[in-house]
Structures are given as structure tokens and as C-alpha cells.
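Quick look at what Swiss-Prot lists:
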BINDING   Thr29, Ile30, Gly31, Pro32, Asp86, Gly87, Thr88, Thr89, Thr90, Gly413, Asp492  ATP binding site
REGION    523-542  region 'Disordered'
COMPBIAS  530-542  compositional bias 'Gly residues'
Amino acid sequence: MAKQLNFSNESREALEKGVNFVANAVKVTIGPKAKNVVIEKKFGSPDIVRDGSTVAKEIEIENPIANLGAKLIEQVASKTKESAGDGTTTATILTQKMVQEGLKNIASGANPMELKKGMEAGLAFVLEKLSSKSISLSGSDIQKVATVSAGGDEEIGSIISKAMDIVTSDGVITVEESQSLETELDITEGMSFDRGYSSPYFVTDQERQVCELENPKILITDQKISTLVDLVPILEEIQKAGSPFLILAEDIEGEALTTLVLNKNSGVLNVASVRAPLFGERRKAALEDIAILTGAKLISEDKSMTLDKVSINDLGKAKKITITKDKTTIVAFEDTKDLVEARVEKLKREVNITESEYDQDKINERIAKLAGGVALIKVGAATETEMKYKKLRIEDSLNATKAAIEEGVVSGGGQTLIEISDDLLNLSETSSDDLRTGINIVKEALLEPTKQIAKNAGFNGDVVVAEIQRLNKGFNANSGQYEDLKDSGILDPTKVIRLALQDSVSIAAMLLTTEVAMADIPEPEAAAPGGPGGDPMGGMGGMGMPGMGGMGMPGMGGMGMPGMGGMGMPGMGGMGMPGMM
């Protein structure tokens, strides 16, 4: 495809347009008086959101070069969201300001590479100061952080605080939709481990990139699976039962993985596979723990057990399994509670007789996973649109609270960034020329989150920042007062701020040092059938035989390659059957 190229200032200005387009839509979502963004959906009702990452992902710009800028800043939001779970709007605001200030200076003759060095030096200074100002999160502050992160919603803050208190910070907390109008907290058996799906083709929710299985059957084995021949009998039983199916194995690869993916995508099986967690003997122990939790029999080579002998009675079960690219969460049924408690007691006895401190720590980790359980936050609302909105807020708040427990908190409302901005003056004055300018770009950007929080609350951002610097107090956008934000419980997770800073400087510096922007030239839309000079009938499509499905594994009825539809009349694709045995 032909490419459109922009050079030098022209390329950077086009990229800046894309950055501004996205950032201006995103930054209305920051602070306790943030505004909502309504997003049209192709199907169903529109979404109403107050989440920077969600807004950024939905934006496409007609100009292909400007759209590159939009995608760069969307990358900032998504990367911060992925790493910290929150802080996407802060990262977007910081990036926009750095890009704007950087391009002004480049247009005035500044060297982009020197600006980049100055920005990176400024970032290193800021991160050091941020770490020194961070304080550990005490138990009473958890609800405050959760409430602030939920936009001041005290109900959400209270529910998350209760969930954290019950399952602890190491426990599993999941958010799901409820059939009722009320948002409730439910504690059940379950656990999570750090392994994701074997293939992204198992994903059931494309927007969230998550695979969810309701009431699945579970095969657990310490064997490596590279062919499905031995699994044919149990797969046939699963297909007849119509149950979702999870395979948890040492590894699943090659022909076995390919065949599962093909049958998943053709609708023959609702299946997913996950590699077993940990390594060596600890992997086997972890599989035994999961087997007890789910009521499964561990199919182990040590016991001379083979996969071709597996029956439906050897499989485990769960209420729900949620799999992301790097994590699996199991919500178990209550009928295994006694077995789990017995397993925990056995592990506690092992701790007492184990001399190795390292082994004791590993066993205690297993105890925490088994005993912690799963906290289910069931989100209730009057409408589907409100439920989606509320669920997003709870997920953001939960992620921010976990981040706060990991690395501590600092004064919120952007106050800490303003204080560090003042400290940057000393570093700036000892630097020279464009290096100093790069540091000042970071310095100015640190003021922007507070300015936007104030603006969204109906105040003048410049005036608010000046008052914060004069009074040495933070600005409470809810009350419009200047006060000690730590005493008021307005706290930001240090991890969220750190990652927002790192991601924003990274993308802004790359954009400022860009000399050429290249994008595909959009192809003109094809003329509609029956248009001027065309055949009014629009042409007849070629007729073809329906495609024949691929061959599946022997003995597996209905399993195999999906059929490929033949060519037909315009708008009428040929029907293709799934491969028959």
C-alpha cells in the first residue's frame, strides 16, 4: 500500500494534533468533579465512562498521521493501565503538556536529543523525590484510597476496604455483574495463580482480553500434552455434556493446542488451556492444591495414570474461571471447603517440621492462596449502562488500592507533584542550555494534573496552583478548600504516580525526537454497485461449492477444522459445515 510521509516539524505538528485530540477528550475524566464521556457502540446502548484508557482506545482520527499521534498517547494510557491499573488520565495529561512544551522549544531551535536527555534527568530526580515522600498505607487508609480512586464514592470505598480486610492484600478480589440493584460483597472458596491462557484465541471477551468460563469442568495433569489422541474419549464426553472445559497441564503445545483453538473458534468446544504454575516439585504441589480446591483427581505420571483413561468423574469443577494473559482466577464451590481446610492444616504442620526458611516461605505462600479465598464484588445497577460504568469505577479503585498497598501513598490532588516541581528548580539552574529546557518541560508538566482537577471542578487552575505553592497546602476539589490532604484522606498511590511519570516521559521523548512520520494512504471507497457507468444489477457473484471441513482427530465426532464457505451471490456467502469425522 502507498505511504504518506511527513518530515521534521510537519510530522511532529501532525502527531501533536492527534495527541491533543485524545488528551482533550480524556482529561475531563480526572478528579472528584470529573465529567463523563459517552461512547457510541455498534451494537446495544452507548457506554458512559469516566476512564481515560477506555476513552483513548475508542478514538480514531481520519488524518492518518494525526492518528499515529493518537495511538501513541493511547499507548501511554493502556501501558499505565496494564502496569498500575489506574492513573491513565494523569499519564495522558502529563504527556500532552510535555509534547506541547517540547515542540514549542524545538520550533525555537532546541535540539530534540538534548531535550530528551534533560527530560530523562528530570524524571530520575522526580522519582527519587517521589519515593522519599511516600508513606506506607495503614489499615484505616485503605478505605480512603479506595474512595478517592472511585471518584469520591464512599459505598465503593467501603466495599473494597471490607474485601481487603477479609481476604487480605494477597487474596483474590474479583468484580462481576449482579442480577440485583444492589452492589454486594460475597466471600467464597477460590484462588489465583500467575499463569495465563496458552493462546489468545481462547479469549471470550475481546475488549477486556479475558477468557471467562462459567461452571466449567477441569482436567488437571502434570503431563505435557502435544497430541490430543489420548484425550479423545474425555473430549467427546465434554462435547456431549456441553460444559465449558479447562485443561491445566505442565504444558500444551503443537498439534494439541492448534486443534483446541480450531474447535474453540468453530464452536465445537468451549475450551481453554493454561500451563501449570511454578516448576519442578513445587509445580506438582501447586497442582495438588488446585485439584483439592476443585474436587479433581490429579492425573499424574508418578501414579502411572494416563490421559486416555480419564473419565468425567476425574474432572474438577468451579463456579467460574477467569483467565487473563498472565493470571488465572478460580472461584470454587463451597462443597470442597472441608477438604481445603484439611489441606491447609496439613501444610501448617509441614511448616513446623521444615527447617529451611525458604521452604517455609513457599509453603506459607500456598497456605495464603488456599485459605485466603475469593472476594466477589457483585455490581448492581438499574440499567446495563450504569452497571458497566459502576463496574469500571470499582475495577479502577481496586487496582489503585492494591498499588497503594504495594508502594505506599503520597498526598493526592497533584499536591506532591507540585512540591517536586518546586524542587526541580535547583536541578534546572545547575544545568545548561537545552538540557535545562528539557528539565523545565518536566517541571511544567507536573503542574498540569492539579490544574485540570481544578478546572473540572469549576476553578481556575493557574490560581489554584499558585495558592497551593503559597499556602503549602493541597486543594480539595470536593470542598473547594485548601487543606492538609493527608489528614483529609486524599491520597494517591505512589506506584500509580510513578508509572504515569515513567510512561509519559517515555512516549513524549520518543515523539519529540521523531523526524519522519509514515502512514498508509487511505484507499478511496469502492463505487457502489449500480453506480454511474456500472451494471445496474451490480454483477452476479460466482457460485461455488460449500467448503469441506478439515479432518479432526480420530473418533472425535464434530471435532475438526471449521469449514470454509464457498462463493455465492453478493451478500450471500456459501455455508460451510465444521469438519466431520
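Even glycines carry a Cβ here, placed using N, Cα and C.
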Cβ neighbour count (within 10 Å, all chains shown) around Asp86 (ATP binding site): 30
Asp492 (ATP binding site) - helix vs strand vs coil (DSSP): strand
Local Cβ density at Thr88 (ATP binding site) - other Cβ atoms counted within 10 Å: 30
Cβ neighbours of Asp492 (ATP binding site) where a neighbour is any other Cβ within 10 Å: 29
Binding-site residues compared (Thr29, Thr90) - the one with the fewest other Cβ atoms within 10 Å: Thr29
Neighbour count (Cβ, 10 Å) for Gly31 (ATP binding site): 26
